[in-house]
Structure formats: structure tokens, C-alpha cells
Amino acid sequence: MSRLSIFPDHGDGGDGALPLPKLVCNDPASIQAELADRCVGFEQWPAAHALPPDADQSTILTTYASEVARVQRDGGYQTVDAIRMTPDHPEREALRNKFLSEHTHAEDEVRFFVEGQGLFSLHIDKEVLVTLCERGDLISVPAGTRHWFDMGPTPSFCALRFFNNSEGWVATFTGDSIAERFPRLD
């Protein structure tokens, strides 16, 4: 079940302890409304197609061709790819670490979860919005939004990624260690 937890971005007593969340909700409409208030898109779509365990990027994109075409058309996205992570993926640790530090993008970060789950943490103003996305969730993080992503130590997900450029995923890391203080997908 998708979940949103909203925290202040700083501890209460200066001891580095995680502050208590201001909000925790599992209701998709509430998640959508809270994120929309901060200009983040969130939708739930049916992920109606089951993928074979050995599905490659071409198979995944073909299976979800109508959804891909709609998102590309509506958002003007030039490029789309599919990322699929499994608990035995040989690069899982390196890829997890790559996304765990706070960063921004010059373009929107748009992801549709076809399988599994991932944890997006968005650092907006004085809040951190920890958003658990699961199968059927589409999240659109606006360009310039400070955030990080956790796939967990034993990742199991497939997501379609949409880009406004031909280079794909390009990040600018902030150097802020804030991500170390917030919940991960463990």
C-alpha cells in the first residue's frame, strides 16, 4: 500500500534524532492532495500487465506501450526507459548508493512503478516527504526538487522512467547529508 510520511526537515532537540512525522497516510487521494499542494504529481494507474521474470527493456516498453505513449504525449518526454531491479542484481548495491544522496535534476523526474516498490524522499521547503511508491503508482517530481530514492537492500521493482533529454538520468548532488537522517526502505 502506498504511503506518505511528512517530517520536519530538522530534529526537535538538536541531537540529530529523527523528528516525529507531522502526517502519515495510506489513502491515495490524501497522498495525491498533499503532494499536489507541493507541486508533485501522484496518480495510481492499473499495472494490468504481468511481466515474465526475464523480461528485458524492450519487452517491458512494448507491454506498456499505450501507457508510455500517453505519458510521453502529455508531458512532452523525449526518452523513456525501464529499470528493473531484483534482489540478486549484480549492481544492486552500487545503484542503491547512487540514488541515496540528496540530488536534483534539471528536468522532472517521472516514474511509473510496474512492479514492486521504491521510496522517494522529497526535501521541499522545511519538510521531507517520504513517499512509498508501489505497483501502479506514478510520481512526477518537478525539476529542481531536492530528493533521494531508496530501492532497499534487496530491491524488487520495475519502473518506467521518462526524460526530457536524450541523456537519461542526470543528477546534481547537493552535498547535504540530510538523507542519512531519514527512514530508508529496509
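Every residue gets a Cβ built from N, Cα and C, even glycine.
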Swiss-Prot Ni(2+) site partner of His103, His105, Glu109, selected from His10, His49, His147: His147
Neighbour tally for Arg111 (site 'Important to generate the dianion'), based on other Cβ positions within 10 Å of its Cβ: 20
Residues satisfying Cβ distance under 8 Å from His147 (Ni(2+) binding site), sequence separation of at least 6: Glu102, His103, Thr104, Glu109, Phe120, Ser121, Leu122, His123, Val141
Protein Cβ atoms within 10 Å of Glu109 (Ni(2+) binding site), excluding its own: 23
